[in-house]
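**Student:** Dumping the structure here so I can ask a few things about it.
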Amino acid sequence: MSGTNQSSVSEFLLLGLSRQPQQQHLLFVFFLSMYLATVLGNLLIILSVSIDSCLHTPMYFFLSNLSFVDICFSFTTVPKMLANHILETQTISFCGCLTQMYFVFMFVDMDNFLLAVMAYDHFVAVCHPLHYTAKMTHQLCALLVAGLWVVANLNVLLHTLLMAPLSFCADNAITHFFCDVTPLLKLSCSDTHLNEVIILSEGALVMITPFLCILASYMHITCTVLKVPSTKGRWKAFSTCGSHLAVVLLFYSTIIAVYFNPLSSHSAEKDTMATVLYTVVTPMLNPFIYSLRNRYLKGALKKVVGRVVFSV
């Protein structure tokens, strides 16, 4: 096997979610609708935060960054799948496959890191309100986001460099709608033990550390809120964090289901469904979840929509 040249497979076939023509047409409309909703919803969040001076706070700064990442995340996978349907092709080059995998992993990491930073921001706001402006300065927030981009790129570069030398000998059909690491490892005729170990160890460290930070933040928040004598005050604090918790649970449950199980136990159908949740559904739902119970954000969104309507 070691002597097999990886160039024997120069491109892959992305089989998508269904091979039935009628289902493919329905899926095309479904994913196009979700993609447009994702871009529009997250773009409205970014515009609202940038236009309304009342939202120029660390919490909304991180939220606008999360919206930007979600737009990029969705752009990495969905347009290629839609283009393949229109052009009636399923091929993607080896380099294109690695590039797509790189950006998918990078935006997953950024989502992961930003959710942790947002949890810390909630922790400081609820548990140390008098020191909030001193701790969460604009300079610190900008440095945090810049640092997250650097760490995410370095982490993804490691996985990509480990994937690049693998050999792919005969089968080039990926039972997925984008180039994900798990189906690629299954296709490889090289020894993928090191890749699996790195994904489960280093990958787990990158995912679990922020998750533990989120848990610790919310444990402190819960203890602090329970000491508040006013029921209205408790509800206000919990409602502020509730939307973030909903996004956290949806994101981490699907990530763990897909990546942190032994390769032999993976089911292509289950993996694909879980992947659809965190690559397509979650980025679409985030703007709705965050704005649903947030009157400040809803007010800013109404202003933006009103400006657009009157300008037309």
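Backbone N, Cα and C atoms are what each Cβ position is placed from, and that goes for glycine too.
Annotation source Swiss-Prot lists topological domain 'Extracellular' at 1-25, 80-100, 159-196, 260-272, citing sequence analysis. Residues or ranges marked as N-linked glycosylation site in Swiss-Prot: N5. According to Swiss-Prot, the transmembrane segment annotation covers 26-49, 58-79, 101-120, 140-158, 197-219, 237-259, 273-292, on the basis of sequence analysis. Under the heading topological domain 'Cytoplasmic', Swiss-Prot lists 50-57, 121-139, 220-236, 293-312, citing sequence analysis as support. If you look up Swiss-Prot, you'll see C97-C189 marked as disulfide bond.
Can you tell me where each of these features sits in the structure?
**Tutor:** For the topological domain 'Extracellular' (1-25), the model's pLDDT averages out at 69.
Long-range neighbours of the transmembrane segment (26-49) within the same chain, counting only residues 6 or more positions beyond its ends whose Cβ lies under 8 Å from a Cβ of the stretch, are 16-18, 55-56, 60-61, 63-64, 67-68, 70-71, 74-75, 78-79, 81-82, 85, 280-281, 283-284, 286-288, 290-291, 297, 300-301, 303-305.
According to DSSP, C189 (disulfide bond) is assigned to coil rather than to any helix or strand.
Sequence-remote contacts of a segment are chain residues at least 6 beyond its ends whose Cβ falls under 8 Å from one of its Cβ atoms, and for the topological domain 'Cytoplasmic' (121-139) they are 58-59, 61-62, 217-218, 220-221, 224-225, 237, 240-241, 244.
Outside the transmembrane segment (197-219) by six or more residues, the chain places 109, 112-113, 115-116, 119-120, 122-123, 155, 158-159, 162, 181, 241, 245, 248, 252, 255-256, 259-260 with a CB less than 8 A from a CB of the stretch.
Helix, strand and coil residue tallies for the topological domain 'Cytoplasmic' (220-236), in that order: 13 helix, 0 strand, 4 coil [DSSP].
Packing against the transmembrane segment (237-259) from elsewhere in the chain are residues 108, 111-112, 115, 118-119, 122, 125-126, 180-182, 199, 203, 207, 211, 214, 218, 221, 224-225, 228, 270-271, 274-275, 277-278, 281-282, 285-286, 289-290, 292-294: each is 6 or more residues past its ends and has a CB under 8 Å from a CB in it.
Here the transmembrane segment (273-292) has Cβ contacts under 8 Å with residues 17, 31, 34-35, 37-38, 41-42, 44-45, 63, 66-67, 70-71, 73-74, 77-78, 104, 108, 176-178, 180, 243-244, 246-247, 250-251, 254-255, 257-258, 298, 301 of the same chain, all six or more residues outside its ends.
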**Student:** List the helix, strand and coil residue totals of the topological domain 'Extracellular' (80-100) as derived from DSSP.
**Tutor:** 15 helix, 3 strand, 3 coil
**Student:** If we skip the immediate neighbours and take only residues 6+ beyond the ends of the topological domain 'Extracellular' (80-100), which ones have a Cβ under 8 Å from one of its Cβ atoms?
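**Tutor:** Counting only partners 6 or more residues beyond its ends, the topological domain 'Extracellular' (80-100) has Cβ contacts under 8 Å with 6, 9-16, 24, 28, 31-32, 35, 160, 163-164, 168, 177-179, 184.
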**Student:** List the same-chain residues at least 6 positions away in sequence whose Cβ sits under 8 Å from the Cβ of C97 (disulfide bond), in sequence order, or say none.
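**Tutor:** Counting only residues 6 or more apart in sequence, the Cβ neighbours of C97 (disulfide bond) under 8 Å are E11, F12, C179, L184.
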**Student:** So if I exclude everything within five residues of the ends of the topological domain 'Cytoplasmic' (220-236), which remaining residues of that chain have a CB under 8 angstroms from its CBs? That is, six or more out.
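**Tutor:** For the topological domain 'Cytoplasmic' (220-236), the list is 122-123, 126-127.
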**Student:** When you scan the chain for residues with a C-beta under 8 Å from the topological domain 'Cytoplasmic' (50-57), skipping those not six or more beyond its ends, what do you find?
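**Tutor:** Those are 64, 296-297, 299-300, 303-304, in sequence order.
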**Student:** For the transmembrane segment (58-79), could you work out the same-chain residues 6 or more beyond its ends whose Cβ comes under 8 Å from its Cβ atoms?
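**Tutor:** Same-chain contacts beyond the ends: 31, 34-35, 38-39, 42-43, 45-46, 49-50, 100, 103-104, 107-108, 110-111, 114-115, 117-118, 121-122, 125, 136, 138, 141, 145, 177-178, 279-280, 282-284, 286-287, 290, 297.
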